[in-house]
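Colleague: Sharing a structure below in C-alpha cells format, with a few things to ask.
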Amino acid sequence: MRGPCCWPLSLLLLFLQSWETQLQSAGPRCYNGPLDLVFMIDSSRSVRPFEFETMRQFLVGLLRSLDVGLNATRVGVIQYSSQVQSVFPLGAFSRREDMERAIRAVVPLAQGTMTGLAIQYAMNVAFSEAEGARPSEERVPRVLVIVTDGRPQDRVAEVAAQARARGIEIYAVGVQRADVGSLRTMASPPLDQHVFLVESFDLIQEFGLQFQGRLCGKDLCAELVHGCQHLCVNAPGTFYCACNSGYKLAPDNKNCLALDLCAEGTHGCEHLCVNSVDSYFCRCRAGFALQQDQRSCRAIDYCSFGNHSCQHECVSTLAGPQCRCREGHDLLPDGRSCRVRDFCNGVDHGCEFQCVSEGLSFHCLCPEGRRLQADGKSCDRCREGHVDLVLLVDGSKSVRPQNFELVKRFVNQIVDFLDVSPEGTRVGLVQFSSRVRTEFPLGRYGTAAEVKQAVLAVEYMERGTMTGLALRHMVEHSFSEAQGARPRDLNVPRVGLVFTDGRSQDDISVWAARAKEEGIVMYAVGVGKAVEEELREIASEPSELHVSYSPDFSTMTHLLENLKGSICPEEGIGAGTELRSPCECESLVEFQGRTLGALESLTQNLARLTERLEELENQLASRK
C-alpha cells in the first residue's frame, strides 16, 4: 500500500480538507486566556510544494480552533530559509479571516535552512512590543511553534537556550526528514510534550489535536512537577507560581519570600533588623550586645572580663581584647608582653655614623672632629683627601643573593663618606668567588654618584671563595697605573678593603703579606661565618683598627663608624702622631703643606732682601 507521501495531489487535498474538518469539530475554541503565538515555518528548497501546502493547511486549521483577537490570542507567522521573512506580525490582524488570507498567499523562499537565524529573529523581533507582543509584566505566555522538515545549516542550541531564558515556550515539529536531535535541542522541557515528529500525513491530524489540547485546556499544575512553593496557577499552554498572603514571589519565580517588615523602617533596631515568619527581631553587629529594650546595642567590654593577661594595657575591640604597650615599648610576638623599644635597631634611624637610644627617643653622634648638621642625622664632610681605595667583595654562593644586595648597599654607604674625584679619592671594585672579576677600576668614575650607580649594577657571581686569588689580583693589577692608580712618587695612600663571609678555599698568607709589603693598607670585614684568624692575616696592624666583624649582613651598618674613622690619608704624618679623626688627619697634612709653603716663601723673600742690602753696600762703597 502506498503511503501518504505518494498520494496524488487531488487525493492529498481531499485528505487535508477532511483533517481540517476533524480539527474544527474536535472541540470548542480556546477561551482559557490569551497567548502571543508565533509560527516559524520552514520554506527551504527541501520542502516540496505539496509538503508546504500541508503545513499551510495545518496552520489554517489550527487558527480556527483558537480564540484570536487583540485582547485574546495574537498570532504571527514568519517563514525562513537562508533568510527570514515576516508573513504578518503579532499585532497585524485581529480577525481570523485576514490571517488565513495572508497564510494562503505565502510564497516559499526555497533556499537554505538557517533555523538558528530564524529563532534569533523571533526572539528579538517577532516577540517585541513593536511587532505587537504584549509587555512582559502582563504575563501573557509567549509561544513559538517551529515547523521544519530538515537539519539546520547553522547552530541552534545557544540561541534556542537564550529564547527559552527569555520566557519563550518553544514547540518543535518535524516533518518526515527532520533531525530529531535538533528538534530536542530547540524545544522547551519537558521534551515529550514539546517535540513532535510527523512521519506521515495521517499523524498531522493527531498532532493538531494534541497541540490544540496543550494550548487550550491542559491542567499543567496537576500533570507536571511545577516546583511552586505555595500556589500553582494554570495559564493557556503554561503555568505560573503565586504566593499566599503576606508573601511575595522570589526572583526564581517559584519560591516565596515573606514580606520585608524591616524595610518599612518602623522597627527601631539600632543595628540590624531580621524578619521572622510573621514579625521581626533586632540583632547587634559583632562585638556588641543587645540591651534589655531588645532594640539598642552596646559595645562589649572584653577587657572587663579580667582574663586578657596584658602586661601594660588592654584595649577592647570588636574582635575581642587586644594588648597595647605604653609609649616607647613594642609588643612582643606573644601579643601580651612589652619590651623597651631600641630606636637604633636597624637602619631606619637615619644616623650617618652612630645612633644612641635615649629614653623614648634617640640621637645621632658624629666622630670626633666632625659636627652634626642641622638635620640632626648627617655629619659635615672632611676636606679633600687623596686615597686610592680598592674594594674586594665576596660573591661566593654562601653569601646568597639577598645578602649580596646588603653588601652593595653597605659599600655605597662608605662611598657617601668619601670625597670621590679624580684629584681626591678614587674607588675601584673587584668581586671574587671561584674566579676574580674587576667590576670597575680605580680610574673609571670621577664622582660618588657614578660609583654608587656602578655598585648597584654589579651582578652576583656565586660559586666558591678564592680569597687568595683575589688578593693576588689586587696586588698585581688593581693598584697599577693602567687601572687608574696614581704613581707611587705622589705618595697617595693605597687602601684595600676586603668583604668576606667564610673561610677561603685557597691560601691567603703569601698575597696578604705581599699586599702589605707593597704599602697597601689592608682592612678586613667579616660577616657571619668569617674566620677571625684569616681576617687578622689579611688586615694591617694593629688588627683592632683594621679588622671588623658583624654576626649577620643585616647588622653591618654598625661597622661604618670604625671604617669611616680609619680610612685616612697618611702622607706627611710622622711616627707617634695620634690620629683622633679623619678631619684631624687631613688638617695636619694641610697644615704641614701650608707651613712648608710659607717657609719657602719667607726664605725667598730673605734672599731677595739680602741681595738688595748687598747692592746698597756696594753703592755706598763706590761713592767713597
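Positions of Cβ are set from backbone N, Cα and C atoms, glycine also.
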Colleague: Which cysteine out of C243, C262, C269 is the one Swiss-Prot pairs with C256 in a disulfide?
Modeller: C243
Colleague: Candidates are C351, C379. Which one does Swiss-Prot pair with C364 through a disulfide bond?
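Modeller: In Swiss-Prot, C364 forms its disulfide bond with C351.
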Colleague: Can you check which of 420-453, 590-623 Swiss-Prot lists as coiled coil?
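Modeller: Result: 590-623 is the stretch Swiss-Prot calls coiled coil.
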Colleague: State the disulphide partner of C379 as given in Swiss-Prot, choosing from C355, C366.
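Modeller: That record, Swiss-Prot, gives the partner as C366.
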Colleague: Considering only the disulfide-bonded residues C243, C303, C366, C379, which residue has the minimal Cα-Cα separation from C221 (disulfide bond)?
Modeller: C243
Colleague: When secondary structure is assigned with DSSP, how many helix, strand and coil residues does the domain 'EGF-like 3' (299-339) contain?
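Modeller: Per DSSP, the residues of the domain 'EGF-like 3' (299-339) fall into 4 helix, 16 strand, 21 coil.
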Colleague: Anything within 10 Å of C344 (disulfide bond)? Look among the disulfide-bonded residues C243, C310, C351, comparing CA atoms, and list what you find.
Modeller: C351
Colleague: Looking at the disulfide-bonded residues listed here (C256, C284, C338), whose Cα lies nearest to that of C232 (disulfide bond)?
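Modeller: Nearest by Cα distance to C232 (disulfide bond): C256.
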Colleague: Whole-number Å distance between the CA of C262 (disulfide bond) and the CA of C269 (disulfide bond)?
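Modeller: Between the alpha carbons of C262 (disulfide bond) and C269 (disulfide bond) there are 9 Å.
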Colleague: Could you measure between C228 (disulfide bond) and C273 (disulfide bond) for me? Cα positions, answer in whole angstrom.
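Modeller: Distance (Cα to Cα, whole Å): 28 Å.
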Colleague: Want to know which disulfide-bonded residues, from C269, C282, C310, C325, C364, C366, are within 10 Å of C355 (disulfide bond) at Cα; which are they?
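Modeller: So the list reads C364, C366.
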Colleague: So which of the disulfide-bonded residues is most packed in, judged by how many other Cβ atoms lie within 10 Å of its Cβ, out of C221, C297, C303, C355?
Modeller: C355
